[in-house]
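Some features that Swiss-Prot has for this protein:
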{"type": "BINDING", "residues": "15-44, 283-293", "note": "FAD binding site"}
Amino acid sequence: MNAPQENQASQDDADVLIIGAGPVGLTLANTLGMAGVRVIVAEKLPRIIDYPRAIGIDDESLRTLQAAGLSDQVQAHITPHHWMRFYTASGQCFASIEPRTDEYGWSRRNAFIQPQVDDILYRGLQRFDQVQVLLGHELHSFSQDDAGITATLKDADGVERTLRAKYLVASDGGNSLVRRMLNVAFEGRTKPNQWIVVDVRNDPLGTPHIDMHCDPQRPYVSAALPHGIRRFEFMVMPGETEEQLSRPENLAQLMRKVVADPDKVDYIRKRVYTHNARLAAQFRVDRILLAGDAAHIMPVWQGQGYNSGMRDASNLAWKLAMVVKGEARSDLLDSYEQERRDHARSMIHLSEVAGDIFAPESHTAAKVRDTVMLALNAVPPVKQYFAEMRFKPMPRYEQGVVLHHTGTGNQGVRTPFAGLLDRSGNTPLGRLLGLMAEKKESLVGRLVHGLETAASSPVGRMFIQPRVATANGHSGLLDDFVGLNFCILAWGTDPSYGMDEEALNFWQRLGARFIRAMPAGQLLHPTPTRDGVLTVGDEQGRLKDWFSAQGKSVVFVRPDRFVAALASPQEVSAVTRQMARVLHSPLEA
């Protein structure tokens, strides 16, 4: 069987050209670098941006940085378990988001200072001889053909440089030149109000979390950040301008809402931001792919702009690596848009809902919000639902590189207050919510839609990351034993035992890891396995609990840690053939 076309020799300067050295471009370059892919990153600025933007990084993003081999360095610049609390104008807390679980190996909510993490990503590229960064080089033009893309860059002196690559990834921000030159629509809206953001040193408050003060007179945010930094954000009210609020006397007046003496505050910088909610109509145009803010932008209220971009990088990296190495046909890249676009839309909706709750458009709406939220907060299951951040739409891929028909067949798990949300007409509240939820673009519609029953099958969802141990005494998080590879993991049995030669050769050719999990105590007397199979002990009992909830004992995990399929030990060869099909990868070398 002939190898896919992308495996043919060429005179390309790189396999992948990345436009934009923000967090998405740098993360993608690091991950591709670890996979041995030749990468050029072009950034129009002379240096990576050094002013803070995002302040929240979630467990999924930290897991991505772990996969890139940089999590140890990043931990020095994060505050884990960073809760978010919402207060009425009178100072009464009406909601608290404080998830305390770590199913993916990391705290679910974390504060960080983005430039410090961006610098780690930038310096991380020095590990790879085949990765090059061109700072001060702006994209001037590009074209594509059946074999690749040709791009012309200009440096600060106007000197042009032409590059050839197999694929181009545009991570060049919300004002993406690539997206505009492709004439890809960027649908959505821009909020009319702006926010002035003030960062200060030597935290004048010292409280450890993020407080959202929902005062309709002027909503504001107070967020504790690592290294004694604090961020304040104040809404720019109608009739005010950035120039007015930036004057020392007016800024001091704003700061008196939060500190006793503004003159004693150690200011770092202040900037004004406008909140946008937009989604690209396409994430892929042949050999060009959009990622991060070039593909989607959203309000900051749940910190998901940065994290959505990191999800893009994680999803796209392993697929690009397979394609440029000739392990899969280019059709695999269609799954990037299939898997990421709908979830990006969901995160935009969540961010808009959070913004509507935080800063409603009228005093009357604020009073209704306070009354409703305080009432809901008095119901323990509802309070727990928000505290554990279960309202956050977790990625679940319905199509793409997933095999849903091999799942457990379970029909779903109901939310703690699913009865309240029953739209069948069995309760008055259910009938009311049902009517309001018909308009999913409304506040209530989006909220109800996000709280409804979710399917329980793990296929298409991120796999857990517990701590495991090996017989030789090594202990750590599961991903550290897998690397940037596929993983076939089984509970209590050798996952390769039931595989025929063709299936086994397929996974070995892709570098997949075979792992057998068992109770940690059984590591003292493990039964034999086939060569190359790693046996790990389930130190926390979480793998046992996970498999107990499934009807199958073998899980196929993708390099981005999402569950691709479930199987019984006797189905692994058949499932492998199905996996080869959805991966657009030949079974035979």
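Note that Cβ sites are derived from N, Cα and C of the backbone, with glycine treated the same way.
Feature map: annotations from Swiss-Prot on the structure.
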residue : record           : Cβ neighbours (10 Å)
Asp15   : FAD binding site : 24
Ala21   : FAD binding site : 27
Thr27   : FAD binding site : 29
Gly33   : FAD binding site : 22
Val39   : FAD binding site : 27
Phe283  : FAD binding site : 28
Leu289  : FAD binding site : 27
(request) May I ask you to report the DSSP-based helix, strand or coil state of Phe283 (FAD binding site)? (result) coil
